[in-house]
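What Swiss-Prot records for this protein:
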- 166-173, 191-195, 213-216, 288-291, 317-319: GTP binding site (BINDING)
- Ser173, Thr193: Mg(2+) binding site (BINDING)
- 1-159: domain 'Obg' (DOMAIN)
- 160-336: domain 'OBG-type G' (DOMAIN)
- 341-372: region 'Disordered' (REGION)
Amino acid sequence: MKFVDEATIEVIAGKGGNGVASFRREKFIPRGGPDGGDGGRGGSIFAVADRNINTLIDFRYARLHRAKNGENGRGSDQYGAAAPDITLRVPVGTVVHDADTGEVLFDLNRHGETVTLAAGGQGGMGNIHFKSSVNRAPRQWTPGKEGEQRRLRLELKVLADVGLLGLPNAGKSTLISRISNARPKIADYPFTTLHPNLGVVRTSPSRSFVVADIPGLIEGASEGAGLGHLFLRHLARTRVLLHLVDVSSPDPDADPIESAVENARAIVEELRRYDPELAEKPRWLVLNKLDMVPDPASVQQRFCEAFGWTGPVFCISGLNGEGTQELIWALQDYLDAEKRKEQITQDKADGSYVHEDPRFDTTRDAPPSGKD
């Protein structure tokens, strides 16, 4: 299925049905009084996040979504039927913008989360509501209200814990296929990856995290060169970025460190130009393709010194898996710690956080022994 992460749609909710002016007409009841019913509510349009959907391709072709109008009221105090609602299913991680103002209206980042895109119009009132002690035969009624109408831009930002960053052919797809069940296309030419790939890394039956692989960045990506800039938004929700650097060289006479450092600096600069906040995310350095390097320890030391890197660094081979287990467990421990911090922050905001004082321990007394 083709990956589509942007779409513009128009949603038109249904108009409410009109109320009616009607009077009771029965034999031997000459003055039956008003009995006009209300109009039905117009259909609303909702969006619900569905984890079983991973693309907005359905909205690329179905751009207009219109709900039906409510039925008009009738005599004998009969209310018009409400129109059925429309529910649009979108991927988890979809951001809904107002297409005209650019305002962010909704961010659906939880499975099952439901929002109202356009509310249906309220039905009009029948003349039964206008009866009073001084007006026993009202002829007033109100029309139904118009439903909401909006132009919306849907933008998908995939939900992942870890984002892979690097030049084309840095080994990102090889790494994600090594550590997860994702099977992206892998080949020895640039831009093999044409859309984001997600892989679930499971370290135990109860512990896992999600990795996102996007097309590689090239110099000038922030200005539209290559494909990577189209998908950098998918790294916005990640907790940590893995910057993959190819430290091998096809030319045995060339110094691979010099070109690797130059390429790594270009990636960081493109990241800063695209989004300074994204550039400030925690970033780990991953030196890849060490199976093609005679002295990995020396390469790591020389690269970090030349690059001026003091953060976390890992040396791996995505091809044979060397060093990947250490990377996986380090990521899992880091992500678990970050999630605990976020939970504590949320609990404090909700007022439900209970501080545990290590000076006080709770112990259970031994049960009393039976009588002799």
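Backbone N, Cα and C define each Cβ position, glycine as well.
Just so it is clear, the model here is predicted, and its values are computed rather than measured.
When the binding-site residues Lys172, Lys289 are scored by other C-beta atoms within 10 Å, Lys172 scores highest.
Put simply, Ser173 (Mg(2+) binding site) is 11 Å from Gly166 (GTP binding site) when counted between their Cα atoms.
The 10 Å shell around the Cβ of Ser173 (Mg(2+) binding site) contains 25 further Cβ atoms across the protein chains shown. Set side by side, the binding-site residues Asn169, Ser317 differ in how many other CB atoms lie within 10 angstroms of their CB, and the most is found at Ser317. A distance of 13 Å separates the Cα atom of Lys289 (GTP binding site) from that of Ser173 (Mg(2+) binding site). A gap of 9 Å separates the Cα atoms of Pro215 (GTP binding site) and Ser173 (Mg(2+) binding site).
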